[in-house]
Structures are given as C-alpha cells and as structure tokens.
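Student: Have a look at the structure that comes next, please.
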Amino acid sequence: MSDSDNIKGVSRRTLLGTTAAAAGVGLAGGAVVTKDGAGFVSTADAQTKSAAPKAPPARPAVQKTEVAPGELDEYYVFFSSGQSGEMRIIGLPSMRELMRVPVFNRCSATGWGQTNESLKVLTEGMQPATREFLKNRGGTFMNGDLHHPHVSFTDGTYDGRYAFMNDKANSRVARVRLDVMKCDKIIELPNQHTVHGLRLQKYPRTGYVFCNGEDGVPLPNDGKVLDNPKEYHSIFTALDGDTMKVAWQVMVSGNLDNVDSDYQGKYCFSTCYNAEEGVTLAEMTANEQDWVVIFNLKRIEEAVKKGDFKEMNGVPVIDGRKGSPYTRYVPVSNNPHGMNTAPDGIHIVAAGKLSPTVTVMDVRLFDQLFDDKIKPRDVVVAEPELGLGPLHTAYDGKGNAYTTLFLDSQVVKWNIDLAKRAFKGEKVDPIIQKLDVHYQPGHNHSSMGQTKEADGKWLISLNKFSKDRFLNVGPLKPENDQLIDISGDQMKLVHDGPSFAEPHDATIVHRSKINPISIWDRADPMFADAVKQAKADGINLEADSKIIRDGNKVRVYMTSTAPAFGLEQFQVKQGDQVTVYITNIDAVEDLTHGFCIVNYGIQMEVAPMATASVSFSADKAGVYWYYCSWFCHAMHMEMKGRMFVEPKSV
C-alpha cells in the first residue's frame, strides 16, 4: 500500500468481523487456520503479516536528521518503558538514547532500589496494607509497568519542573525531577486498581495529575467480596502534583482508559471501555457503544468543600457514576482508546479502536452540557472514518491531526476542519495522506504537540512490532519507534529506532524548556537524611572519613575524590548492621563515582557533590574489597579499599 492510498468505505461490520475473529482466537487459544489451510498462525502474526508488504527504504528527510559529533539534539523525548519500569530519555532527531532513569525497577548501575535514598522514595508513599504485604518480600515491589510520562505545565506549555508517570502493574504514580533527572516521589493510589491513562492539568499550571483507574474491584478490596462484579468499582484520581498527595477521587461507571485535560483548567475527560462492566472479553465488547466521561473540576472541588463525598482510606471519594452532577457521559463507538486534546484549545479526539472512526468534541460546549441545555452527543462536531484500529492522535498546530491505525499499520493525516464540514454533510474528504509504518502502531507523538506551542516538525510512531526491520536477535524482538518528518505537505518516514520492552507513550519537549544541572547542590533534599544523621554524629560529610559505632549499628562515613576513597579500610563485626555513606567531593562535571563491595551485592552511583548511602547486614566474615565501579580516573583500578568482617567466634 502506497503512502497516498486511502482506505475508504470501511464498514463497522467489516471491522468488527475482523476484531471478533481475533477475539475468538484469543478465547480459542490464540491460533487460526490460514485461508489456504496451510496451518496455524497467531493473531499477532496474522495481523503483522497481512499488513506488511515489503516497504521501500526510508526516504531522505526534508529536515536535517543527522546530529553531527559535538552537536546537540533539538528535543528531549521522555519515553516510557512499560514493563521495564524505567523512564528513558532520547534525543530527537538523532533518536539516540541519552539516559535511563530508574523509577519502578531495580537498577544495578545506580543502586536504585538498594540505596537508602531510593528506598525512601520507593516506600514512603505506600499504603499500610501494601507495606505489611511486602514486609517479608523485600520491602518493595521488584517490578513496575511504567506508562505515560508527561511533563508539567504552566499556561498550556511545558515548564520543565517535573515528569509524571504511572505504574499499571502496582497502582502507583511517580514524579521525576527534571533538574536532576531523578525520581523523587512515588505514591500508591488508594482505592484504585491499576492506573492506566495519566495526563496533567495544563492551565493555569500542574496542578492536578489525572489518573485513570482501569479495572474495577470491590471497595474495600479485602476478600469479603470476590466473584460478584456488580460490587466492583473503578476509580478516577486527581493528585496534587506539588505535594504528591491525593486531592480527590471519583467513582465512575465502566473501565477508564486514557485521559487528557483542556487548556482552560475547567475539565478533564477520559475514554471509557466496558460500559457493560463485564469481566470477560465477550461481556466487555457486547455493546455497540461505550462513552467518554467528562469531569467538571469546579463542581468536584465544590463537592469536596461541602462534604458531598465518602471518605475511603483517608481520601474523599465522590460518586461520579452515570447520572451524577459531577460528570457527563458522551456515547461513542465501543471500546474507545486514545484521548488527545488539540493545541487549538477547542477540540478533543477520542479514538475508536473497535470502530474505524474517531470522535471529535468541542470543549466550548461542555458548559452547556453540564447545565443540561444540550444532550451529550451535541458536543460531538465530527466523526471521520479513518481506517482500521485507530488508537492515538497527535497534532501539528496547523489544524491537522495524525492518528495511528493499529490494524492497518498506518498513520493517517487528516484535517479537523474538513472533518467538521464532512460531519455537517458537505462532500469533502478530511483524509490528506496515509503512511505505512512498521508495524502495528500504538501511541504517536508530535514535537511539542501536546501543548499550545505545537511546532509541526516531527512525529514519532511507537510501533508494537518490528519483525523484519532489524537484525534478528532471537524470539524476543525490539519495538520499532519510527521518526516521521511532518514539516511539509506529506509525511516522510526518516528513521527506524529499536527499543527494548516496551514503550507506552512519549513526550517530545523542546530543549529550551529543560534545564538540568550537572553538579548536585549540597543542600538538595535527595540526601537530606544522610546530612541529618551525619550532623547528629558530628561528621562533616565533605571532609570527614570516620566510623561511628552505636551498639551493633555501624555508620561508615567516607569521602571520595578520584582516585581514592577517604578510607582505605574499615572493620566491622559479623552480624553488624552497617550503613556506608559516600560523599563525592569532586565538583567536576561528569565525574561520577561508584561504590561496590565485592561478593556482598552492594553497588551504587555517587554523582558529583552528592552523598549516597547503603545499609546491609555484615553476615559474611572475611575480607571484602570495595572499589569505584565508575571509570573516573586513569588510576581507576587502584580506587579501592577493604572491608574486614570479624567473625563472631573471635
């Protein structure tokens, strides 16, 4: 299929027939007989192979995509990693990976999940029941499913303070400080079972962090109710992005999927599948329509003030189910997925997924909707038919939208104004171009396209399958993130980028919005607990290398300056509870140190002018070398020392 081929006349019957067949495959064990009877293929294989004629090589870009040695990318891209649990930072247009920021995962390189500083972040926002559950399981979750990283706003554009992201696996939300590119807060959401969609308040600032609860469970979920879906409830959460505390929650009808907010600070809105509130695939896809749920922020805030809520696990929960004064439910084609606000501040687009259509709404009509002056479907101003499996929509700031078509393996460029005119009956075609991508695209994102400053230069298509696009690396294949030039009249594919499991969403931010530091401030709160303990022990972290014993608790303080640690040896007793504090006093950009104790499973990063600490039980007697694991000096190999663990028998 060529770039300019437009799929027309795709009927709902045809699409649902294909989808129903795929659903049937899932119920039957994931295999179907091929049309020629040759054998069995998986659903995913059938989709990718049917959509994947051999594509021509990527064409030269209209814009300059090469970033020469010594030059810098124009954009940061903050990528999710799905089940890997980290946030990744990519440069655009080079598509080079710049950094990985551990969040919900355990990171061997940095010690995230082992250092005291990271463990505080990972545990302080836990619910009490979870803390008890994990008490004999290492104290923290060892996995995460990081989706939807989004950067904080002021007045409708990025302000570079924070990135927020959700953990679908363990119902958490994290905040990453963009001045140091480190996670500083994680909260587990009470009452909510999974967090899928996450977006931020755009105006006047962030503000609220909006978190969709996808799956319904009994409330409280204590085992007293099990297989009774009528008593399951889904929860929508608004966090305070400054305090990382829950501001309020709303109980809704159906499963929430993706969410976005307006540019006026009045509404946020979520796609909702499973209006049937079923628990099986057949039940969840039975109805012809689901809905978009619109949340009235002012009314919800007033409800909290006047006490119109039920307190559950210490937070106010408002009843926003169908018929509530705090929400409105707009019918759309069944199982909608993506929800994306256009940079014009007027239009929002809900993608159909099981329908070839997307639904365009005008946020200026929401006031009338909540005042009951119009009906829910009256806010719909266009519903163009785009192709098979529309999932997510991005924008160029010029009135055009770009929607991924999962089943067609395409990105379709279409015009919002033309779609509105066609909706009114005018004989115009809103589709401008279709571009083959490789393969099965999910999220897509344009440069600055989620702000009022969309610049219409670049689009990334995050494709779920790569198949034949890269060297074969075995059964587990990389994803394929494809860079598309959208600066001209026609989309042009310019780059294939492999990525490990598994990006769900990304945010493209102009580099002028982000201003990280290179050397830590000694007053930074990240290691404030270490500073406090050192002060109590009479230790100057930037000068002293000493050992403090308090019963069987031993605190080892040492500086590090390449190529030497402040202590070349220290001695403890078997069974001592040891905490080692390392302060890197090299105030030199990019001179990171590491601290690793051989055969003790200890490893951590110590960045310039930072203090890092790790606690462990000295259970193995003997001599154990420690060394700097970051190559920081020509004498790197000699930057080491010995830990003596005196056996109990001595």
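Cβ coordinates come from backbone N, Cα and C, glycine included.
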Student: Swiss-Prot records Y273, E276, M284, D290 as Ca(2+) 2-binding residues. Which of N228, N313, N335 is assigned to the same site?
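Tutor: Same Ca(2+) 2 site in Swiss-Prot: N335.
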Student: Rounded to a whole angstrom, what is the C-alpha distance between H392 (Cu cation Z1 binding site) and H443 (Cu cation Z3 binding site)?
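Tutor: About 5 Å separates the two Cα atoms.
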Student: For the Cu cation A1 site (H593, C628, C632, M639), what does the 8 A shell look like? I mean other same-chain residues with CB within 8 A of the CB centroid.
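Tutor: Along the chain, the qualifying residues are S560, A562, P563, F565, G594, Y627, S629, W630, F631, H633, H636.
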Student: Let me know the most crowded of the binding-site residues, choosing from H392, W630 and counting other Cβ atoms within 10 Å.
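Tutor: Highest number of other Cβ atoms within 10 Å: H392.
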Student: List, in sequence order, those binding-site residues among H148, H337, H443, W630 whose Cα sits within 10 Å of the Cα of H593 (Cu cation A1 binding site).
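Tutor: Near H593 (Cu cation A1 binding site), where near means Cα within 10 Å, the binding-site residues are W630.
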Student: In angstrom units, rounded to an integer, how far apart are the Cα atoms of K464 (Ca(2+) 1 binding site) and M639 (Cu cation A1 binding site)?
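Tutor: With the alpha carbons as reference points, the distance is 44 Å.
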Student: What is the Cβ neighbour count of M639 (Cu cation A1 binding site) at a 10 Å cut-off, with all protein chains included?
Tutor: 23
Student: Using a 10 Å cut-off, grab the number of neighbouring Cβ atoms around the Cβ of H504 (Cu cation Z4 binding site), all chains included.
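Tutor: For H504 (Cu cation Z4 binding site), the 10 Å Cβ neighbour count is 23.
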